[in-house]
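In what follows, a structure is listed as structure tokens, so that the remarks can point back to it.
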Amino acid sequence: MNQTLNSSGTVESALNYSRGSTVHTAYLVLSSLAMFTCLCGMAGNSMVIWLLGFRMHRNPFCIYILNLAAADLLFLFSMASTLSLETQPLVNTTDKVHELMKRLMYFAYTVGLSLLTAISTQRCLSVLFPIWFKCHRPRHLSAWVCGLLWTLCLLMNGLTSSFCSKFLKFNEDRCFRVDMVQAALIMGVLTPVMTLSSLTLFVWVRRSSQQWRRQPTRLFVVVLASVLVFLICSLPLSIYWFVLYWLSLPPEMQVLCFSLSRLSSSVSSSANPVIYFLVGSRRSHRLPTRSLGTVLQQALREEPELEGGETPTVGTNEMGA
């Protein structure tokens, strides 16, 4: 990741060399689409933060969604700022701000991935061990986990910045080691745990819903949809960060991979609010004038639904949604 950041001049050189070519045109088109996606995503995540932070009663799961929306908003803001700075003259001040925005983007990315891993793992535990989870789960576990993840990601990215920044004491050997630790953490721990827990959750809830003739809860759909979108759209950015340094790709190919990974990651961070409101508005023909807050609250509801769409008066979390 940091090796890629510090070698970003290769991409800039390729862009300067290929001005007027098909590659440069593709870069401009993809960057414009990414900027538009970032602006839409910032609006959507800001709406989620406003509703969850000031307009709704929050259950423990909503704490995760609130923090995930904040991480996505920070990622999209830094991505949009980076895209804007690329059009400015490369003076010394702009270079420093450009690197700051990239560091901020990597920080927000790791926070978002960590939160998604925590969300999918917690939901998996809640369906595999419902009684134990309900009785032994600390009251403020969600807030503690979110605070811990933000702190750990801040420390990790602060450490990498101290070793890998072009404007601080750059140490290539230490930067390489820190880069490998980050790669192992993201690609070898967080992503596999998130994928495995989500797959387990899907299989368990699918079997339970068929056995008890209940529809999966909307919360279950939200979790799986968010993880799936991340794996499809945002994971390529990690692959770009960690694979590009090892491969001697032509400059034109680097530009295309660079642009496509940014566009796909911006789509991933912008998609979650859309998922919440689409899932929350299912079967909304009975209440066609529901507010956005009500729709969001329905999407994050933990109670299971019966086949006809009713919510049981006394529900458990045993079937997993």
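Using the three backbone atoms N, Cα and C, a Cβ is placed for every residue, glycine included.
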Indicate yes or no: per Swiss-Prot, are Ser81 and Val181 on the same side of the membrane. yes
Recorded stretches the transmembrane segment (185-205) and the transmembrane segment (113-133) touching, at least 3 CB pairs under 8 Å: yes
Short question: which residues 6 or more past the ends of the topological domain 'Cytoplasmic' (134-142) have a Cβ under 8 Å from it? 60-61, 63-64, 126, 317
Are there residues at least 6 beyond the ends of the transmembrane segment (113-133) whose Cβ is under 8 Å from a Cβ of it, and what are they? 61, 64, 67-68, 71, 145-146, 149, 152-153, 186, 190-191, 193-194, 197-198, 200-201, 204-205, 208, 219-220, 223, 226-227, 230, 234, 316-321
Average pLDDT across the topological domain 'Cytoplasmic' (134-142)? 84
